[in-house]
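What TrEMBL says about this protein:
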ACT_SITE  ASP193  active site, nucleophile
ACT_SITE  GLU218  active site, proton donor
DOMAIN    26-354  domain 'Glycosyl hydrolase family 13 catalytic'
DOMAIN    355-413  domain 'Alpha-amylase C-terminal beta-sheet'
Amino acid sequence: MGYHNNVFDECNDQTDIGRVLRDGREVILQAYNWESHKHDWWRNLDGKVPDIAKSGFTSAWLPPPSQSLAPEGYLPQDLYSLNSAYGSEHLLKSLLRKMKQYKVRAMADIVINHRVGTTRGHGGMYNRYDGISLPWDEHAVTSCTGGLGNRSTGDNFNGVPNVDHTQHFVRKDIIGWLRWLRNTVGFQDFRFDFARGYSANYVKEYIGAAKPLFSVGECWDSCNYNGHGLDYNQDSHRQRIISWIDATGQISAAFDFTTKGILQEAVKGQYWRLCDAQGKPPGVMGWWPSRAVTFLDNHDTGSTQAHWPFPSHHIMEGYAYILTHPGIPCVFYDHFYDWGSSIHDQIVKLIDIRRRQDIHSRSTIRVLKAESNLYAAIVGEKLCMKLGDGSWCPSGGDWTLATSGHRYAVWHK
């Protein structure tokens, strides 16, 4: 994929938004879950920064920083108020300073698809924002969700006023806010929430203007299922995610929901799913690995919401897959910190092997076995791994066992 966008021509490390994607050596931690707002979160994370850094994470995705009607942060209202259920602005800024000191980038969760109003306007709906920063009127709200703006450029997030990104004044204000988060507050990376809700062209504009070092979008829709469960072929599902990435001008990554959906069925004794008809990995990772953020669970699919959870007895097989494979792996807080020290240490070991063998988002992959109870692959020609109960080990070459656990093993050269 050639980059033709002039944003890639800048060379300053702090504003070169292409550098991180080109380098491809990210490992992300999702540093919260659905219940985190109950636990003095910014202070809790502050104490974990040294371990997060030592474990090899390059970026930690934090929950939405702004004041919100719901404590989890996903019903934002006053965007410039950083006093939230996660803690005070003062505690957040001190956490961000500590992360910078330990060289872990802070990823802000950007919730700009919708915004909760403060006062009633057109039609008696709460679609005005009087009395807070960015005091928009009804023209900032899409006509499909009770405002006087244009129709939405994406899917509706129901029950809340959806922001009309076609309005120039709205985009100008959002860009001002994103630049403030980036340049004044101290976030370096962005995660775009509910990215299906507005056109990817706007994401492209926002990234170009605010210059985060790394961005990832949440384009989550259902995988293809049939009467017997998950379809083997998920090409149309991954194509929708690929098309979104393309529409951002290729400057954002996206969460690889396709790989998650397939992997969580594969580990139940259906490892044949991990090889597509072309012999490649079957998710976004198989088509555009440098833009695929792979993960097992997040605050929606897992945690206490558990909308689409990864089978809990198989999470180490899952991590053995995403942490040895191309793509940009993201580890979930709960698995890393709440499921016991053995799992924490196994994940750290896999991250360490990834780094030592210099596996990156674009590493080559050869799938050697994809059967019901056995999967094996060689990655970057210097790492070999297997999953499942089937007995297998690499032949020839000077392969040495690097680590192994329940139903997985990794070798290196």
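Count begins at 1; order follows the chain as displayed.
Backbone N, Cα and C define each Cβ position, glycine as well.
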Rounded mean pLDDT within the domain 'Glycosyl hydrolase family 13 catalytic' (26-354) lands at 97
In all the protein chains shown, the tally of other Cβ atoms within 10 Å of the Cβ of the residue listed as 'active site, proton donor' is 21
For the domain 'Alpha-amylase C-terminal beta-sheet' (355-413), the DSSP residue counts stand at 2 helix, 29 strand, 28 coil
